[in-house]
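Here the structure is laid out as structure tokens; the discussion comes afterwards.
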Amino acid sequence: MGRRQRNRQRQQQRRERGGGGDGQGREQAGWEGGYPEIVKENALFERYYRELRIVPEGEWEPFMAALREPLPATLRITGYKSHAKEILQCLKNKYFKELQDLVVDGQKIEVPQPLKWYPEELAWHTNLSRKILRKSPQLEKFHQFLVSETECGNISRQEAVSMIPPLLLNVNPHHKILDMCAAPGSKTAQLIEMLHADMNVPFPEGFVIANDVDNKRCYLLVHQAKRLNSPCIMVVNHDASSIPTLQIDNNGRKEVLFYDRILCDVPCSGDGTMRKNIDVWKKWTTQNSLQLHGLQLRIATRGVEQLAEGGRMVYSTCSLNPVENEAVIASLLEKSEGALELADVSSELPGLKWMPGITQWKVMLKDGQWFEAWKDVPSNRQTQIRPTMFPIKDEEKLKVMNLERCIRILPHHQNTGGFFVAVLIKKSPMPWNKRQSKLQRKLSQRTGDISESVAAAEDGSVEIIEEPPDAEDKESKETQHLLNAESEQSKKDGVCGPPPCKKMKLFGFKEDPFVFLSEDDPLFPPIQKFYALDPSFPKMNLLTRTQEGKKRQLYMVSKELRNVLLNNSERMKVINTGIKVWSRNSDGEQFGCAFRLAQEGIYTLYPFINARIINVCIEDVKVLLTQENPFLSKFSSETHKRVKDLAMGSIVLKYEPDLSKPDTLQCPIVLCGWHGKTSLRAFVPKNERLHYLRMMGVEVFKAKRKEENFESKTEEGDQDSTKFLLERVE
């Protein structure tokens, strides 16, 4: 008897026995089949959290009942896109209405509701599970809409509690932001949106550096960030607990880069995610928290070291365990000696239900043995349990810490996952930084070389970042090297390659270098002339990913990220940065410019382009998006006249809303196109085409191949493998 047959027999036996009460509930919710049944019980979990009293009296049963229910699906509309309101109206007026009174697998579908605490109704939740959403024919259109808009970056499917930390960072467009443990990138996307709050500013002064220790997850992070088409994001690959100190050039003077905002969403045991990660039920023990506590504290410590004075750092986990939460915050506050304080954010998210942080807890081993204080831990257990895991016993110190300002999210209060958030504000340099500044001055005096940076450190204008005292010697050398004048480089100016192999501690794909265009690069003048670029265009921010041969793609970063790249190429492992703005076209040179515009960077470039712009009406846009290479005769007479005298090549197609017609699309659209001899086409990715068509009141639905066999045949001959079934919305 084979393995598959044995599995079938076991499943049949379970069905004959009835599967138990929990299995029946799961079948009613549409969770049947696909996975072996996991019993949602864990005696040690219940014993541990009952004893710690993290749940208010009388709420334990609702708490456990909520944990056993599937997590509702939540989605977030990106807030910085100019057409966010149009997407919201499309959702409310079409897709949500279609869900009314719908029954799937015996379960009534509730109409999605906005999250009360998320601004401007840009986040919604529903009782639809992922399985129902993917498998139900009645929901196929809605599912395709979500997938397509997610690929475009207009919608993010993100857990509700995961949206809280970026909101509490209180980001402004000029802030320099570090996301220490960023993958898979949903929170990073929120931070990028906040930087681009004003869409009229193509280059905000701020930027986001998104880091992750896992090289493969960094590419998932790149995918998430790329959907938002921002020139202000850089993805790096480092261990967050030892992420390098960076430097920037400030009017010819080297300075340490301090971040205005830091998101510290650390790795955790994840027992707050039991509703979606049901494996946690059988795998959960206290050992996970004990093993992660040290790493979490090191990451948080490194974060506050890199935080600017007056800056804000949000520490968060998807765990309910105080060993990973309040214990880390209390230890950090204690060793900061008053340099940090917990911010009171109780009024920043009205409508959010939360519990205050706890001040007393105990530590338990996986065998169920309890310890109330460090002095009770036997010597043979002191490698598993550390002093920083216990609560502060000094009442005065405890009162000053204000641990009750931490935020605990419990699943049964608003039908979410479990979560923990603490907001820290840095009032002064960390104490070990101050001590290290003195050490640095002594070293400089011995060598007789007192640099400008050290002089600045004396009057407090520049803080020197160092590890706590046990790492002073090693970090002292690093800081001295960092604050010296230009490091010796054999590379030519403007080339930012990856660190040499001997310095790499992480394995992964070898990245191409980042090469900025030089001031006199012959590549740029033809581009500038062809598109009549404004004199204010920041051409020094253009870069390529090759040092030799033809440059095929041109990317753009903000001025601030260029500064970071040029001054830290030997210290950072950069995975990706920049937004593609031009692509080399084989036929372009004969028309006066070898590079055509790229759609992903058009909203960044458009404010600087003064030529080759064609204004089109909404009917022309529909033709461009539904036909592959339409003839000029298919466009309106006005568009035909504008194109007639225009040289062939890359163009910008601009739609401006007509305010006198409120029923039409009321947000501007900018598309990249190509003017041929007898045709006009748009270079727009498939999902973005679908998005624009939906916003114009056209329902675009691609039927499944197994249901529409004739379509699969026509798709083979279609140049972009796209065939739409178009039907006007009534």
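Backbone N, Cα and C define each Cβ position, glycine as well.
Sequence annotations record features per position, and here TrEMBL assigns active site, nucleophile to C318. What TrEMBL lists as S-adenosyl-L-methionine binding site is C181, A182, A183, P184, G185, S186, K187, D212, D239, D265. Per TrEMBL, compositional bias 'Basic residues' is recorded for 1-12. Taken from TrEMBL, the feature domain 'SAM-dependent MTase RsmB/NOP-type' covers 63-427. Per TrEMBL, the feature region 'Disordered' maps to 1-32, 468-495, 708-730.
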Rounded distance in angstrom between the Cα atoms of the residue listed as 'active site, nucleophile' and A183 (S-adenosyl-L-methionine binding site): 14
Proximal but sequence-remote residues of the same chain as C181 (S-adenosyl-L-methionine binding site) (Cβ under 8 Å, at least 6 apart): N211, D212, V213, A240, C264, D265, V266, P267, I299
Per-residue Cβ crowding (10 Å cut-off), top of recorded positions G185, D239, C318: G185
For A183 (S-adenosyl-L-methionine binding site), the number of other Cβ atoms found within 10 Å of its own Cβ: 23
C-beta crowding around K187 (S-adenosyl-L-methionine binding site), within 10 angstroms: 26
